[in-house]
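Residues or ranges marked as region 'Disordered' by TrEMBL: 6-27. Summarising the annotation, TrEMBL assigns transmembrane segment to 34-64, 100-120, 132-153, 181-204, 233-252, 258-278, 290-311. Look at TrEMBL and you will find 95-308 tagged as domain 'ABC transmembrane type-1'.
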Amino acid sequence: MAQQAAAAGERPAALPVPPATSRRKGSLQRGETIAGFLFVSPMLIGVSILVLLPIVATFVLSFADWNFVAGWDGIRWIGFENFKSLLDDPAFLKSVRNNLIFLLSVPIYLLISIVLAFLIDRYVYFKGYFKVAYFMPYISNIVAVAVVWQVLFQPSYGPINEMLKTIGFSNPPKWIADPHYALVSLMMISVWISIGFNMVVYIAGLQSIPRDLYEAADIDGAGTWTKFRRITFPMLSPTTFFLLVTGVISTFKIFDLIAVMTQGGPIGSTSMMVWYLYDQAFTNLKIGYASSVSAVLFLFVLLITIGQWGLQKKWVNY
C-alpha cells in the first residue's frame, strides 16, 4: 500500500505516537518546568521578601499613623490624613521644589556628554584613556567623592575659592554652606559624576551609526553641523531617550550626596524627597507619614516616566 501511495504521488500518513511515548514527553516537560522553578526560586523568594513585600507594606502604612518603636500594636489607621498633611507641609513642598530644580542637571550633563562623545569619537586619539578617565567618577565610591568635593567647596581655604580669589573674586560663594548655592553645588557634583557613564553610552551609540550615511552627506556637501543635526542626533535619539529616563529617575533617588555633605541643609535648601522621607522615618519616627511621602514619590516618577514614553513618539527614531 505504501508503495502504491508513493507511486501515486501521495504522502504517506504519519505513524501515530504511542501513548507511552506521549506520557514520557509530558513527564519530561513537567520535570524541566519544576527544575526551572527550583533554580529561580531563590531569586523569586528574595525579590518577594526584599522588594515586593516592602512596596506593598509602604502603600498600606501610608494610611496609618505609626511609630515603629511602639510595635505593631501602635498602628492607628487614619485614612488619607497623611496625604492631606503633605499638601500643607512646607518642608515637603520645598523638597519637591528642590527635586524639580535638580532635574535641570539631567539635560545639562546629557548635552555635555553628547558633545564630549562626538569629539572623542571623531577627533581624539587614545579613546580608551579618555573613556576610563571620564568614567572613573561614576564608578568611584560616592562617599569618597562627596568628601573630596566637601574639601573643594570649603568656604575659607577650599581650592575652588582660593582659585577664585586669585582671579579677582574678593568674596567668593560659600557653596554648600550658603542656602543660595548649596543646591547648585550638588547639581555640579551630580553633573561631574554622571558625564562619564552617559558619554560612554553615547560613544557606543555613535559607533553603531552606519558610516555610509556620513559618506552620502559628504557627497551632498553637508557640513559638520548639518551632519550632526540631520544624522547623528536623530540616530542617537533612542540612546538619548534611555539616558533621559534613567537620569530623571536617578535625580529622584539622590540621597548619598545629601547625607554626607549637607543633611538637607542649610535651612532645607538641599532637602529632597528621599532625604525628607528618610528624615521623617528614622529621625522623627513617623513611619506612616514617611510611607505617604514614598507613595507620592512613586507616583511622581511613574507619571514623569509615562509622560516621557508618550512624548517619545514625536522625537525618537527607531
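We count from 1, first residue shown onward.
Keep in mind that glycine also has a Cβ here, set from the backbone N, Cα and C atoms.
TrEMBL entries are annotated by machine, without manual review.
Within the chain, the transmembrane segment (233-252) has long-range Cβ neighbours (under 8 A, six or more residues past its boundaries) at 99, 102-103, 105-106, 109-110, 113-114, 190, 194, 198, 201-202, 204-206, 209, 213, 272-274, 297, 300-301, 304-305, 308, 312, 315-318. Within its own chain, the transmembrane segment (132-153) is flanked in space by residues 116, 159-161, 175-176, 185, 189, 192-197, 199-200, 256-257, 260-261, which lie at least six positions past its ends and keep a Cβ under 8 Å from the stretch.
Same-chain neighbours of the transmembrane segment (181-204): 98, 101-102, 104-105, 108-110, 112-114, 116-118, 120-121, 127, 131, 134-139, 142, 145-146, 149, 153, 173-175, 236, 239, 242-243, 247, 250-251, 254, 257-258, 261-262, 265-266, 269-270, counting only residues six or more beyond its ends whose CB sits under 8 Å from a CB of the stretch.
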